[in-house]
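Take a look at the structure below.
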Ligand SMILES: [Zn+2]
């Protein structure tokens, strides 16, 4: 600032300003103001200066200036109207510019209160001075929005009614009306005020001001609408406005028609805002429907679609329409699972007792929970429930609460965080588990070390037992019969079907486990494969038939040349072909031939013949008699990268509008059931107008398909067996498609509130035509994918007494490339129980003489499947004492996976682990020499077989049963825990326990562990009040993984013990077995947002790699945990600093440990932003990657 420039444009020296303020101040101080003329003159001069000089304005508002105090004091003290007016003019000038800062100063000096008192004072004069009120309200309108307490202050001062009365008396006085309305709008934002103003007739008053299209007084109209919108947030006010819904709709249409240049979008938005709040109540929704609101908003929105700036209107319209869309029941008679497995004992109060009204024993609790059989669990009564509407009102608050729920879940009971001394099991009782630990007592006396080949077959291979180990705890159960579990419904085709279904491979169900078995063995491929060949020929020949004139895929019309059928595969010496070769050959045009994929070259663990053998002993509740092609052919991971899909703008909106059209144009809807498991004839034969669906194969779970429009289908998933929910996993088959048609599929009974399908995840598809063309693979596919709350809901009874819950739609679009194709869709890469059995058998064949591998049957499941337990380590080098001693004393590593059937990725990670462990690399050998591995690769075979997402046949989540597993209801958990208890009892608790899972909400791979300290830090327990001694070793393994595995993210790991997790494997093994390194390893179902795979969806290759890297990490852990090495690796194990760093991250991001299987809170209503704040962006740590590479190198040299 130029200090020499002391004069202004008017030539008044600045010291005269100082003088005038000095005079004002003096007058105030002396409380005189006796001569109003002096004050009048001074304030008039100040006003003049302020109007003409920016400098004066700045000076008054500058820091350290007492200008504002002087002005306010004068305002408070003077009784002279002209002086007050002068000051109000001054304030209007001052507060118009300078943004919030000047108003902030004004508010902080008590300005609001003084103005409100003036309002009261002025109201007592009759009639009140119009100019006075105008100026006063103009200042208030500026101050109000910036003063958070404005509404309360106004009410306490009694100013509300003054403004309202002023309005009522001046409805034609537009000059005065505007500032009053602006003030009223601020009043109304306070909920208490809104109710009080409503009682005073303000809602009606607003309806007098608003009206149809006019070029005049648009600002008045806008403010009235915003005020009305604020008032209507109160339910009583909304009720008052219900009668005006037709008016609002009429006005909206009028503005929509006439505001052709879109100059008044805010007015239109204001009208919608009012409708939005009125439709929060049931009466409002009814009035909206009655007034044809759906059609009006649908049509206006469609007309707005081409103009991007009108998006806010479309979004609000869409929100209102979705809210008013009548809630529907699912097209089912009951939401209970189609299939029921009769439990031998139904525990009272358990989920099955609650769900099925069974005439079994049970106390009062059982009766309380059991609902009468006549109650329809599908019908939705949420519209009768006004409480449900409160949700919409408080959605933001709920979201806010949700966000902090993670913290509420942290265990605060310090006793529950300390090791639990369990004496519940006597050692005598556990002793029977000794037989699963033969390696701990093995002396190898009969083992021939000179000729290990002979020795191997003599010892480690032999113990593979095919019978379940019967332990006393299960003796109470009646002997298992070889027949499948009792069924409620008969399967239409329990016996072999003579004519092969085009779409599926039918297998001979070997009920007693012999007979055909040996037959197939001796003549591989004789029966089934002959049928398959026929089936494939039909696939191709159909294409050449009369309907095959499309010519889209010429090669499909060639009769397939299946050299020797499926059994005689390609792959003799010199004939090896990669998938790329096949692809090339396929493109060579005329004369190209079809080859059945020979996955043996690329998939060493896959064998179609063996698969069919294995599937015969797999027991399913629906008694599946078919095998899905993908499981038979196998899956070769594609070589191309599959990027996380970028969400197209407006996808959700378009999909929702298509849904709303169902209501607007009901005649366009076909509503044709094309697949229904609930009725006996499972498939509907059709003249080619509809797709054909099927999912009656292992892990399949489609319940119903309804053709909605020509190319659109609603799909309903089956519930987990013995339950009425858990819909997320899906696996089904589609055929009969038209090439190039834009199909839309909607899975309409999803339950999670959000899904990675909103953040770039695609569904998986397997095309049989692609497979026989040499590309047997699951590929990420689908466009226009999104996930949103739909108009279906279930009854509160079905929802367990809670309010009726809405379902969600997962929708994707798809164009098929091949005619006469059979395609499969899945939530994630399928991995069936039969696949596991096949892989285990093939792995055994990979065993080298140095490998010790034993496969035991831990127990039988409720469904009659066996649960395998593997023991893998290295054979001792000799029978010398030292060697045997080293062998027996190797630390144990205990791994498990697939307790949740829908998390198939966990099985792929486990496959990677098993393949690595059984491999011939020096690294694998070192690993086997370092540890004894105990592995339960599938904790929930029944769930996997039957297409469940979450539960076992007991209708329960097995990973919530670890505290007190029942040998009858949760045998796999009971016996796995017993194995661990046995180990603890003999002082051989494992060094590491890890249970592999899949995560549907987050990206990357990460771990959950258990730490007393980190849990306490998250709570309000003072860490100093309890002495905490904790070894930080639990961080080592995840830290190593983050340094070497590209998909692994340390930032996503959490070591906090949550209350909701106290019965999970991780927490129970930590607390009861005393395993410090007890983990859940979560792999994303979607993809990665950091590291080498950033931006890519995860595939089986990456998952298997993760499983292998887990092994390598264990090897490094071994070195690091050896005391001598520890010091040298201090840099790697800089745990303390790392811990603090993570702690900071964790505190700022409580969602880190939301329930591992819970989706993020999601503002569903309209969300077009793909990734907004969903997951924290983790910068790829290049340093770590570098380290990783060098370390890998070092490892491979060792
Ligand atoms: Zn899980």
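Using the three backbone atoms N, Cα and C, a Cβ is placed for every residue, glycine included.
Given the ranges 1131-1164, 1165-1198, the record in TrEMBL names 1165-1198 as region 'Disordered'. As annotated in TrEMBL, region 'Disordered' covers the listed stretch 378-410 rather than the other ranges in 312-344, 345-377, 378-410, 411-443. According to its DSSP assignment, residue 1082 (active site, proton donor/acceptor) is in a strand.
The average pLDDT for the domain 'Peptidase M14' (829-1118) in the predicted structure is 94.
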